[in-house]
Structure formats: C-alpha cells, structure tokens
C-alpha cells in the first residue's frame with residue numbers, strides 16, 4: 001500500500017474522527033487519521049470524561065445523604081485526592097496508548113502531526129517528528145478538529161492566565177476559590193464540581209444559567225448552587241480582570257468585585273479551523289464550515305466537516321452520530337453505491353435538527369431533548385406544554401427524601417407527537433433516552449399512553465405528564 | 001342521589017380500583033367503591049411502596065461505596081431503625097386517611113365493608129359497621145380485589161406461621177435470620193432487603209431465580225446474593241417445615257436443612273376471589289376470571305375484572321393501565337359512545353400482550369419489557385438478539401467503579417422492531433422506559449439509530465446494542 005495515498009484522510013482523532021474513520025474502514029476504505037494531540041480528543045481527556053469523573057462522587061454522596069437510614073453511614077466529606085486520582089484514571093492519565101491500540105486494531109493508519117489542506121484531496125502534515133508528509137485522498141477528506149475555548153476580549157483576562165475547561169478538568173489540585181465566568185453547561189458543571197470538592201465558587205453570568213433551555217432548568221441550578229453557598233451573580237458582565245499576589249480579581253459592569261485564587265473562562269467555543277488551510281479551498285478560516293446533512297461541505301464533492309467543527313451541535317454524542325452517517329456515506333459514495341439521504345435516512349444526521357439530547361451533570365441534573373417550549377412556538381408549531389413536579393412521583397420520593405424536580409413535555413398538537421422534553425432533578429440523566437426515542441420515533445401520544453412506566457420508578461413521570469396533557473376521549 | 005344506586009360499583013380500593021373509579025367518574029359516572037381493608041391496597045401498604053422503601057437505602061449506600069472518593073465518606077452500615085421508620089412513612093403508617101381524602105375529593109363514594117356479587121349488577125356489602133347494604137349498579141360492576149399469597153401445601157408450613165410478603169414488608173424488626181422459599185421477584189427483592197438490613201438470609205428456590213426472564217438476569221442475582229453471603233439453594237424444593245423454640249427449620253427434598261428465625265413464603269399468588277359471589281354469575285370461584293381486552297368478563301355485559309385479579313399481569317402499573325382503559329370504556333359504554341377497542345386503542349390494554357415492563361429492585365437490578373428471547377422464539381418470530389456488557393459503557397463505569405451489568409435487545413427481524421429488552425446491573429431501573437416506548441411505539445431499528453443517547457450516560461447501552469445488532473448498509 002502506498003503510505004501516502006488513502007481513500008479517506010481524517011484530520012483529528014477525537015471521538016468524531018475516530019468514528020468517521022472506523023465506519024469508512026468498515027465500508028472497505030483505506031483511512032489515514034491525522035492527530036497533533038492525544039488520540040481520543042477533548043472528550044476523553046479534557047471534557048466529558050474527566051468532568052463527569054469529577055462530578056459523580058458528589059452526586060453519589062448526595063444521593064446517599066438524601067436517604068434516611070443511609071445518611072447516618074455518611075460522614076459528609078469527599079476524599080478529594082481520591083476523586084482526583086479517579087478522574088486521572090478516567091482520563092487514562094492523559095496517555096492515549098489505549099486509543100492508539102484501538103485505532104490500529106481497527107485497521108486505521110495514524111499519522112501524528114498537524115494536518116492542513118494544501119489542495120484538492122490533499123493534506124500536508126507537519127509531522128511530530130519534524131518532517132512533512134503529503135497525504136492524498138482518493139475520495140474524501142474529513143475535518144474533525146472540534147472546537148477550542150473562546151476567550152473573550154475582557155480587559156486583563158488573557159494576562160490573568162485564566163483557566164479554560166481544559167485546565168479545570170485536568171486540575172492537579174483544588175483551588176481555595178474559583179470564579180467562573182459564563183452561564184452555560186460548562187460553567188454549571190464545573191461550578192458544581194469545584195463546589196463539591198470544597199472550593200469557594202462564584203459564578204458570573206451575563207444573563208441567567210442554561211439560557212437556551214426551559215427557564216425552570218437554569219432557575220433550579222441557580223437556586224441549588226446558592227443553597228450550597230455558591231455565589232451566583234446573574235445579569236453580570238465581567239469588565240476587567242486582574243491578577244496579583246496569586247489572586248485574581250474580576251470586576252463586573254455594575255461595580256461588583258470578586259476575588260478568587262483562579263478564574264475559569266467558560267464563555268463559549270469556536271471552531272478549531274485555524275491553520276487548516278480552508279482558505280485554499282475557498283472557505284473562511286474562522287467560521288464553522290457549512291455542511292449538508294451528510295456532513296459534506298457545501299460546494300465541495302470531497303470535503304467533509306464532521307462533529308463540533310461544523311457548529312451544528314457541540315456535543316460528543318452528536319458528533320459521533322454525524323460521524324456514523326459521514327463515514328458510511330463516504331464509503332457509499334466511494335463505491336458508487338446508493339446514498340440514503342432522505343430525512344432519517346442512513347446517511348444523514350436528521351436528529352441534529354429535531355432531537356438533540358443533552359444532559360447537564362449539575363446539581364440538580366438537567367436533561368433535555370428536542371425543542372424547548374419557546375423554540376417550538378418560535379417555529380410556529382401548535383404547542384401545548386405538559387408539566388409535573390417530579391417530587392410528586394412515588395419513585396422520586398423513594399429515591400431521595402424530599403426529592404425536588406420538575407419536568408415538561410412539549411407537544412405538537414397538530415401531529416400529536418412530543419417534540420421536546422426537559423427533566424430537572426437529582427439523577428434524571430437516564431430518564432432522557434425515553435424522550436429521545438419518543439421524539440425521534442414520532443410516536444403518537446395515543447400510543448404513548450400504552451407505554452406503561454414501571455412502578456415505582458421515576459419514569460412514572462411519563463404517566464403524570466400524559467395525564468397533565470389530558471387523554472382524548474372517544475365520545 | 002340514591003345512596004344505594006350508582007352507575008358503577010367497584011369492589012376493591014387498591015390502585016387499580018381507584019383508577020377504574022376515577023376514570024369512570026371523570027367520564028361522568030357516579031361511582032361507589034367498596035373496600036374491606038385499607039384504601040390504597042397492597043401496593044401502598046404491603047408491596048411496592050414498603051418493599052422499595054426497604055431496598056432503596058442499601059442501594060444508595062452501595063452506589064456511594066462504589067465510587068472512589070465517596071467510599072471513604074461511608075462507614076458501611078445502614079441505620080436499620082431509620083430504614084424501618086422511613087418504610088413506615090412510605091406506608092403512611094398503614095393509615096389510609098390520605099387516600100380516603102383523595103377518593104372523596106375525586107367525587108367517589110367509599111363504602112367500607114366486604115362486597116360480594118348477589119345478582120346481576122348487584123353488590124351486597126357486609127359493612128364494617130356490622131350491617132348490610134345492597135348497591136345497585138346501573139351500568140357495571142368492576143372487581144378489583146387483586147391477589148393474595150399462595151401458601152403451598154408443604155408439610156408443616158402453615159403451622160410454622162410463615163411470613164408472607166405482607167409480614168415481611170411491614171416487619172417491625174429484622175430477624176437474625178430468614179429463609180425465603182421461592183425464586184421469583186418477591187423472593188429476590190425481600191432476600192436483598194433483609195440481607196441489606198443485616199439478617200442472615202437463605203433462599204430456597206425450586207429451579208433458578210427469576211425464571212421467566214432472560215437467564216442472565218437470575219444468574220446475576222444469584223451470583224451477587226452469594227457474593228454478599230446469602231445462601232442460595234437452587235433446584236431445591238422445601239419438603240417439610242417445623243418450628244420449635246422460636247426457630248424454623250426448612251428441610252429440602254435432597255435432605256438439606258436450613259434453620260432460621262423466620263420463614264418467608266414467596267411462591268406465588270392467587271386471585272382474591274373467595275366469597276366474591278362469582279359463582280352466582282356462573283364463574284369459578286378460585287380462578288382468574290377471563291376478560292377481553294377492555295377488561296370485561298367474557299360472557300357478561302356488565303361485569304369487569306381489572307388488575308391482578310384477572311391474572312393477566314400481576315403488577316401495579318399494569319393494573320392501573322388496565323384501569324384507565326376499563327374506567328374509560330365503562331363510561332363510554334354507559335353513554336352509548338364510541339368504543340375504541342382496536343389494538344392500541346383508547347379502551348384496551350394491548351400492552352399486556354406485548355410490552356409489560358417490570359423492574360426487580362434486587363442487587364443488581366433487573367429491568368425488562370416485552371418478550372424474552374426464548375418467548376419470542378416460542379412465538380415463532382424471526383428473532384435476533386443483540387447483547388452487550390453494560391460495564392463497558394463509559395457512563396456505567398463513571399457511575400460506579402467496576403460496574404458489572406449486561407443488556408440485550410430482542411429484535412423481530414421481519415418487522416425490524418424491538419420486541420423485548422432486558423437490562424441487568426446497578427441502577428438500571430430508569431433505563432427501561434426507553435425500551436418500553438421503543439416496543440410499544442414499534443419504532444423501526446433504522447429510526448432508532450437516530451435516537452442518540454447522551455454521552456456519557458448509561459443509556460449509551462442503546463448505541464452499543466444497535467452496533468451489536470449491526471446497521472444495514474444501503475449498498
């Protein structure tokens with residue numbers, strides 16, 4: 001085999017790139033994967049895995065403390081060092097040899113270095129060894145480089161050496177105090193994690209928390225953070241940041257000052273496209289490349305952008321979903337096979353538009369899929385919203401004393417299907433997939449009445465939500 | 001209103017009777033409910049609620065012990081007294097005033113006493129006050145009396161004053177040792193609960209545990225019980241039971257002897273139809289009355305048997321499901337309205353045949369819905385079974401160190417739909433409803449690929465199971 005010619009060249013060996021490559025290889029293609037960091041990408045080392053590893057111990061402890069009879073067996077404090085060591089192990093000690101082994105076992109060729117597009121179906125790699133290698137792709141190039149933290153232009157921020165999510169998830173010690181700038185998922189999760197681990201935490205958010213979700217979600221997280229002693233400043237913009245004597249001071253627009261040992265910036269992401277050579281093929285360097293539902297860049301017949309880098313949805317699982325479609329369609333197109341790109345077909349990522357699930361592992365957890373009620377109304381749907389207190393479900397009360405939570409279903413009345421769902425409360429993460437299947441499957445409400453939740457589980461919220469919606473009578 | 005004439009008379013105010021009555025009343029009918037015990041029934045006082053209240057503390061403790069960083073905060077022992085008091089509160093102190101309040105608030109008339117059918121549309125009640133009251137039903141009578149424990153004819157068993165599930169779930173103290181005769185759900189759950197609470201437990205089961213489910217379910221429960229020090233005798237029939245000096249001895253067919261402070265019989269249930277007067281309307285007294293899918297007794301136009309008493313499915317949630325159909329259809333028929341009794345219609349309990357969900361709150365938990373692979377093959381379906389180790393899902397590993405679990409999907413290849421699913425492992429209960437919706441919604445596998453599980457939740461088992469099944473290619 002010519003070591004510089006492949007059917008497909010993938011740039012970026014994160015979870016998305018790995019899945020594009022794997023699916024294409026299973027479809028019979030030869031694949032090279034170019035990576036300038038750790039094989040496995042952000043999710044494995046600096047996002048999902050380490051952040052959830054930091055969050056799970058506090059969650060398990062609270063669950064035990066929340067049950068009379070169990071609470072007495074709990075002394076109340078996490079072993080911070082053990083939590084950090086456990087996190088290290090979930091981040092594989094930031095060693096990618098396990099993933100490299102998988103990748104090579106899957107028949108993929110790993111090229112370590114920084115790849116850039118230097119022509120049609122051509123990727124030039126500045127290899128880690130210091131050399132250069134030109135890879136030619138017979139069929140396609142897939143860019144799967146993800147995103148990087150956006151550090152906003154706040155006065156003094158860069159000079160204050162802020163943490164990004166990468167620093168926070170890989171922290172070797174817990175600072176005494178931490179100020180978090182931002183109000184999205186990363187801000188909520190890391191504020192929760194560091195509060196769990198004993199840091200004094202302040203959150204500075206421009207508006208509320210989790211702004212794109214149902215309002216009750218962010219409100220519940222704010223309330224609980226405050227209950228636990230986290231200071232949450234809402235409608236507060238950081239205006240200036242200074243660092244001296246090891247402490248960081250964040251000043252807000254309205255004159256408040258927060259002093260902490262570290263500052264974490266969690267104000268969004270931008271595509272990791274710098275230096276990728278997109279300009280060489282007529283694309284903007286700093287924008288999310290526009291793709292069709294097969295993840296092919298609009299206007300190209302060989303270039304794909306898959307996962308976070310295309311900006312459709314910045315979530316690991318959705319990137320992997322896109323990757324399965326893209327890997328399969330690249331193989332199908334290479335073979336001259338049938339392309340199944342109708343909505344919900346084999347080769348498209350239709351769910352990106354309709355049913356993106358997301359779990360925020362904050363306290364309480366927030367799990368949502370599909371449209372929020374506001375978004376559904378904006379789309380002009382004939383919407384009804386069914387709501388119910390999760391704490392009034394027997395299974396939730398059994399799960400934890402004084403359980404507090406809330407859930408809603410967003411129903412498109414014209415089609416009689418669920419188009420969105422949100423669950424807020426302790427340990428709601430696993431309630432979500434039922435909603436995802438209902439939304440994706442477009443299961444009519446009339447049929448959902450026959451999907452009986454087992455008693456007494458928390459899933460009985462489904463019955464309560466259907467009752468809140470009301471069941472049509474035949475007469 | 002004539003206090004002895006109603007549109008509907010319901011015998012039995014358990015969760016099924018309550019729901020039949022409530023739905024019928026919402027449909028405009030006047031309803032009397034006859035109850036000779038506590039309003040709320042077994043589920044509230046001697047089954048689901050107290051048993052789950054006994055099980056949850058151990059489950060929460062194990063979850064905390066299973067996470068490095070949290071484990072150090074756990075001393076290891078439940079506060080047994082607090083667990084029992086918490087159980088008392090979930091059983092409402094065996095006081096039904098809250099449920100009576102709900103019932104009367106719903107516009108239903110409670111008649112306290114023992115009802116029996118004494119003629120067509122006629123129920124005679126021996127009232128708790130010592131009198132007698134004849135209730136006439138304009139439209140229908142619904143029998144919702146549930147089941148009672150079956151105490152098998154083992155030599156000496158009755159004389160040994162065995163516990164039934166009722167005694168076990170309402171126990172005021174934990175015996176030093178307990179022998180459980182039986183291998184079904186009740187046996188598994190109560191063996192787990194009393195082991196959690198410190199009793200020395202022995203299980204004597206005629207074959208394996210949880211025999212109607214996928215074999216890996218019972219095997220996992222056996223293995224874990226043994227690991228925790230519970231003695232599990234399989235393929236062992238109790239031959240003789242004796243009690244002396246406060247201890248009970250159970251001898252098995254093959255000569256083994258188990259001595260314990262108490263013996264719990266969990267060998268099945270039988271319909272609570274004795275004295276109900278079914279013979280007066282031509283039905284056998286000791287059999288489950290045969291009903292159609294609207295829960296109407298076959299051959300009658302006014303008598304319904306709803307919930308456990310009809311023997312279709314002995315589960316609270318399924319009884320409530322039948323109750324919704326029955327209450328609605330009774331109202332519709334009374335009004336001369338449209339009856340929607342096609343499969344999956346408003347007035348039928350189609351899911352009883354296709355999609356009965358069940359969660360066993362043992363350690364590990366077992367959650368299943370629909371057909372087991374064996375049952376699907378027996379039905380002649382063109383079956384494939386996809387299996388995966390739950391412990392290999394990232395979300396499970398994060399949830400608990402060394403997570404062990406297993407899951408399978410049973411697929412009807414001719415229709416390309418899931419017809420059954422089983423999940424075994426710690427905290428799998430809430431994974432089930434997604435499968436129930438997939439089975440009930442008959443969502444094609446091709447569409448299920450678009451239902452993306454959020455990363456890193458345990459629900460990602462869905463992706464792994466779909467991968468294990470294999471995705472069709474278009475080419």
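Note: Cβ is positioned from N, Cα and C throughout, glycine not excepted.
The annotation domain 'FAD/NAD(P)-binding' is assigned in TrEMBL to A:6-320.
Secondary structure at residue A:48 (disulfide bond), as computed by DSSP, is helix. Feature annotation from TrEMBL assigns disulfide bond to A:43-A:48.
In the shown protein chains, 31 other C-beta atoms lie within 10 A of the C-beta of residue A:308 (FAD binding site). In the three-state DSSP scheme, residue A:308 (FAD binding site) is classed as helix. Positions annotated as FAD binding site by TrEMBL: A:52, A:115, A:308.
Residues annotated as NAD(+) binding site in TrEMBL: A:182, A:183, A:184, A:185, A:186, A:187, A:188, A:189, A:268. Around residue A:268 (NAD(+) binding site), taking its Cβ as the centre, 14 other Cβ atoms fall within 10 Å, counting all chains. In the three-state DSSP scheme, residue A:268 (NAD(+) binding site) falls into the coil class.
Across the domain 'Pyridine nucleotide-disulphide oxidoreductase dimerisation' (A:356-462), the prediction's mean pLDDT works out to 98. Positions annotated as domain 'Pyridine nucleotide-disulphide oxidoreductase dimerisation' by TrEMBL: A:356-462.
Proximity to chain B (Cβ-Cβ distance under 8 Å) holds for the following recorded positions out of A:48, A:52, A:115, A:188: A:48, A:52. The Cβ neighbour count for residue A:52 (FAD binding site), using a 10 Å radius and every protein chain shown, is 26. Summarising the environment of residue A:182 (NAD(+) binding site), the number of other Cβ atoms within 10 Å of its Cβ, over all protein chains shown, is 24. Neighbour counts of Cβ atoms within 10 Å were compared across the binding-site residues A:115, A:184; the minimum falls on A:184. Among the recorded positions listed (A:43, A:48, A:308), A:48 has its Cα nearest to the Cα of residue A:188 (NAD(+) binding site). The residues near the NAD(+) site, meaning same-chain residues not in A:182, A:183, A:184, A:185, A:186, A:187, A:188, A:189, A:268 whose C-beta sits within 8 angstroms of the mean position of the site's C-beta atoms, are A:180, A:190, A:209, A:210, A:266, in sequence order. For the pair formed by residue A:308 (FAD binding site) and residue A:186 (NAD(+) binding site), distance between Cα atoms is given as 15 Å, rounded to the nearest Å. Neighbour list (residue A:43 (disulfide bond), Cβ cut-off 8 Å, at least 6 residues apart, same chain): A:14, A:15, A:49, A:316. Taking Cα separation as the measure, residue A:115 (FAD binding site) is nearest to A:186 of the binding-site residues A:182, A:184, A:186. Closest in space to residue A:52 (FAD binding site), of the binding-site residues given as A:182, A:184, A:186, A:268, is A:186, taking the CA atom of each residue.
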